[in-house]
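Chemist: Quick one: structure below, then a few questions.
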Amino acid sequence: MTYKMKKEYAFWATVCLLLSLVPEFLNALSEEADDTDSELGSMKPLHTFCAMKADDGPCKAMIRSYFFNMYTHQCEEFIYGGCEGNENRFDTLEECKKTCIPGYEKTAVKAASGAERPDFCFLEEDPGLCRGYMKRYLYNNQTKQCERFVYGGCLGNRNNFETLDECKKICENPVHSPSPVNEVQMSDYVTDGNTVTDRSTVNNIVVPQSPKVPRRRDYRGRPWCLQPADSGLCKASERRFYYNSATGKCHRFNYTGCGGNNNNFTTRRRCLRSCKTGLIKNKSKGVVKIQRRKAPFVKVVYESIN
């Protein structure tokens, strides 16, 4: 009996001790919450998922993405692995701001007349080191226009835009946008390889013009076929083929095994099948002499009238 009373007394003593500690525990939680609120600031994001931490996921890709940082109240860049993760992940900085920052108003960044473009607009096309296939846009300083290119999925440079509209707003000057030019098609010419003749002026006479120099816009195929041969970054030596848009042929080169670009084929046949179809090519092998069509001969018969 005495043992049972002692056990009961110990139980109630423990309960009383725990109850006495509850107020202190609640005060500690309140102080911690106050510290967290002061650290995060008074701004609340528009959506609860904006408060999640950046999650790159379990995969190993390197995709530039953006997340909202609750501590800095800003959208920041991070590298996404390519799978899983959470909803606090955006493809563009502007999308992140519009989704998570209260009161953010979209401001169209336009290059005013005479205004300087950002330095990264003048960077060369850089598809990066990965072998993905992502449609992106870059500003071409030679044509003064935004053009489509294929991004590999990692690294590269800042002259890389998700949409054509975004590229134009940041890098393209609307005042100096070139007016459409009537491009001369190869079908308007006949050639023997050295002499180019205007088809419209041919009338039993071949009028020589200056030779037509191959230009980049004469190619209408896959964009990676215009990339130069890139042997990559590793130390292997594998026989590969790349398409030369200037000659219209596939040439052999040594590939080191990693990196490089998409203008990389295991066989010459695959190279030609993938890239040759985009070349605007003149199929005639000699000077075509065009004669004016003569009127049909009509025989007139005169009969005497008696």
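In case you wondered, yes, glycine gets a Cβ from its N, Cα and C as well.
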Chemist: According to Swiss-Prot, which residue among C59, C96, C100 is joined to C75 by a disulfide bond?
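Modeler: Record-based pairing for C75: C96.
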Chemist: C154 pairs with which of C100, C121, C130, C225 in a disulfide, per Swiss-Prot?
Modeler: C130
Chemist: Based on what Swiss-Prot records, which one of C167, C171, C271, C275 is disulphide-bonded to C225?
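Modeler: So the cysteine paired with C225 in Swiss-Prot is C275.
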Chemist: As a test of the contact definition, list every same-chain residue at least 6 positions from N264 (N-linked glycosylation site) whose Cβ is closer than 8 Å to its Cβ.
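Modeler: The list for N264 (N-linked glycosylation site) reads D230, R240, F241, Y242, Y255, given in order along the sequence.
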Chemist: Write down the Cα-Cα distance for N141 (N-linked glycosylation site) and N254 (N-linked glycosylation site), rounded and given in Å.
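Modeler: The separation of the Cα atoms works out to 31 Å.
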Chemist: Does anything in the same chain, at least 6 positions from N141 (N-linked glycosylation site), have a Cβ under 8 Å from its Cβ, and if so what?
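Modeler: Sequence-distant Cβ neighbours: C121, F122.
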Chemist: What number of additional C-beta atoms lies within 10 angstroms of the C-beta atom of N254 (N-linked glycosylation site)?
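Modeler: Excluding its own Cβ, N254 (N-linked glycosylation site) sees 12 Cβ atoms within 10 Å.
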Chemist: For the domain 'BPTI/Kunitz inhibitor 2' (121-171), what is the mean per-residue pLDDT, to the nearest integer?
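Modeler: It averages 87.
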